[in-house]
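For reference, the structure discussed in these notes is given below.
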Amino acid sequence: RCLLKMVKGNIIVPEDILSFCCNGLQGSTSPPRAREPEEREEAPGAMASPSPAPNPTEVQMSQLVLPCHTNHRGELSPGQLLKWIDTAACLSAERHAGCPCVTASMDDIYFEHTISVGQVVNIKAKVNRAFNSSMEVGIQVSYEDLCSGKQCSICKAYATFVAQGPLGSKVRLEPLTPQTEEEKIEYSIAAERRRMRLVHKDTLKDLLTSSPQETERETRDGSEAVPAERTRVESVELVLPPHANHQGNTFGGQIMAWMENVATIAASRLCHAHPTLRAIEMFHFRGPSQVGDRLVLKAIVNNAFKNSMEVGVSAEAYGQEMSISRRHINSAFMTFVVLDEEGHPRTLPMVAPEPGDGERRYREASARKKIRLDRKYVVSCKQTEVPLSVPWDQSNKVYLSYNNVSALKMLVAKANWVLAREKEKVRMYTLEEDKFLSFRIEMSVCITASRAFSLLSNLRRRHEWDSHYVSAELVQKVDDDDMIYHVVSQKLRNEKKPQDFVILASRRKPCSKGDPYVVAFRSVTLPTHPARAEFTRGETLCSGFCIWPESEEMSKVAYYNQAMPGYLNYVTTNVAGLSSDICSTFEACEKFLLKNKHDLISRLQD
């Protein structure tokens with residue numbers, strides 16, 4: 001009976017099983033026929049189009065939050081959530097690698113909501129990009145209330161996994177081919193996130209070097225500073241088989257859960273209350289541990305700000321023989337708040353750091369707070385929420401560069417570009433999205449991609465082919481990939497003064513085969529170059545070049561621009577065919593590239 005009901009419900013059952021059941025139950029040799037495809041209802045005007053194949057690396061996990069998973073408030077323990085996140089991410093990584101994978105790092109995680117007992121945690125993980133032997137896995141976490149049907153985002157995380165062969169040897173990974181627009185965006189930006197991870201330590205070091213050694217201590221009425229030593233926690237855990245993964249190494253999620261546990265205890269000792277975890281700064285796994293190891297977990301409050309505190313936590317491993325020195329295998333920094341009855345953060349007591357290392361940790365916590373704010377302000381929010389002309393300084397240079405390049409890559413990966421004009425070899429496309437009108441103009445040029453990249457990334461030469469540019473002065477060379485220019489352009493129609501811009505130019509060479517050369521532009525603010533009376537200060541949100549090699553001597557050069565309101569009339573006039581100024585400018589660009597493709601002097605200047 002069950003099989004017959006399944007057939008009527010359009011579930012296909014193997015013919016021999018179905019025939020056997022029908023013969024046995026009804027004496028019939030012809031099974032009931034499933035409904036024909038023509039009988040299915042389709043939306044009016046719907047057109048059949050091949051949908052992209054599902055991502056083979058995608059893993060979905062749903063967990064019902066039980067009392068054993070929660071803390072005293074009946075909320076899901078962050079440590080338990082970290083274990084589930086790490087499990088789902090590892091399974092996704094191993095789907096792509098086809099071999100065991102280990103967690104190398106976990107990027108910053110910001111927890112937006114808590115999850116209560118009885119609710120369902122839904123986790124989706126998939127590989128965004130595979131590099132040589134490592135890969136980035138993107139994880140999205142949400143909760144679902146089964147009674148009301150409400151769903152809400154909890155956090156988004158990025159983890160790096162390394163594929164391992166026999167005896168821990170590294171495995172070279174196959175490249176990943178993104179299919180959907182979202183996957184193409186994540187694939188493209190993964191290279192920028194990887195770059196940001198690699199320079200994270202240098203960013204902190206630069207900020208501490210440029211900051212005064214003696215930081216001014218905050219004073220709070222009616223509170224005495226708590227010695228940091230009172231918050232110190234040390235705990236040991238024995239790694240047992242249930243704590244290990246299928247390779248015999250200590251499960252990365254378990255280590256993160258133990259670290260979260262001691263960090264919570266340290267935070268509680270400062271505030272004498274039950275703290276709530278709000279953010280975790282990057283977990284970095286320095287080495288493995290195995291079943292039988294002892295893990296020593298240490299935590300201390302590094303600094304307490306007005307409404308939040310940073311707890312530093314580390315994990316060290318040693319074997320049964322005490323004579324062997326401990327191995328530092330992980331460290332992280334966690335931010336806690338204490339909420340009142342209305343859910344608002346309470347004011348916290350101050351911390352008195354210990355002399356020496358305590359003072360260093362205190363200063364570093366302040367620097368990390370600034371870096372976290374920069375990251376959250378510039379990197380984590382949507383491109384449309386990032387204000388124009390963000391102030392540039394040493395502490396946020398990495399994140400502004402990331403935002404500059406990733407914004408252009410996101411624009412490039414959009415799928416809804418429409419061909420608006422075609423003039424000989426020049427093609428012009430438009431993209432209408434939300435409040436923005438973007439245009440892309442491209443052509444094939446007989447020049448190597450690397451040479452075109454070198455010429456177009458030097459704004460001081462742009463006036464040679466772009467008549468809108470009067471001059472471009474190099475204000476600051478941040479590093480080999482990022483430069484800040486002061487640009488003066490011609491007057492726009494109906495404008496009384498010429499415009500000037502302060503532009504951050506970020507350039508990137510291909511990370512792997514198939515990637516373009518990228519030159520991205522966005523406005524920034526410099527205190528040395530304020531707005532001046534003789535100019536109208538202009539701003540650019542997102543623009544730049546992408547250059548793809550088509551052969552050894554041919555390249556596709558494309559320019560992208562997210563038009564600002566002041567330029568909309570200029571752009572729409574060109575799109576409508578009432579002007580050919582943009583096409584003419586791009587043709588002049590081609591002549592400039594061809595003229596200088598073998599210019600030895602230009603190469604030396606570049």
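Even glycines carry a Cβ here, placed using N, Cα and C.
These figures come from a predicted structure and were not determined experimentally.
Residues or ranges marked as compositional bias 'Basic and acidic residues' by TrEMBL: 214-231.
According to TrEMBL, the feature domain 'HotDog ACOT-type' maps to 55-167 (among others).
TrEMBL lists 229-342 (among others) with the feature domain 'HotDog ACOT-type'.
Among the features that TrEMBL reports, domain 'START' is placed at 417-576.
Annotated region 'Disordered' per TrEMBL: 27-55 (among others), in sequence order.
Positions annotated as region 'Disordered' by TrEMBL: 204-231 (among others).
Mapped onto DSSP helix, strand and coil, the domain 'HotDog ACOT-type' (229-342) counts 26 helix, 53 strand, 35 coil. Assigned with DSSP, the residues of the domain 'HotDog ACOT-type' (55-167) fall into helix, strand and coil as follows: 25 helix, 54 strand, 34 coil. Per-residue pLDDT, averaged along the domain 'HotDog ACOT-type' (55-167), amounts to 93 for this model.
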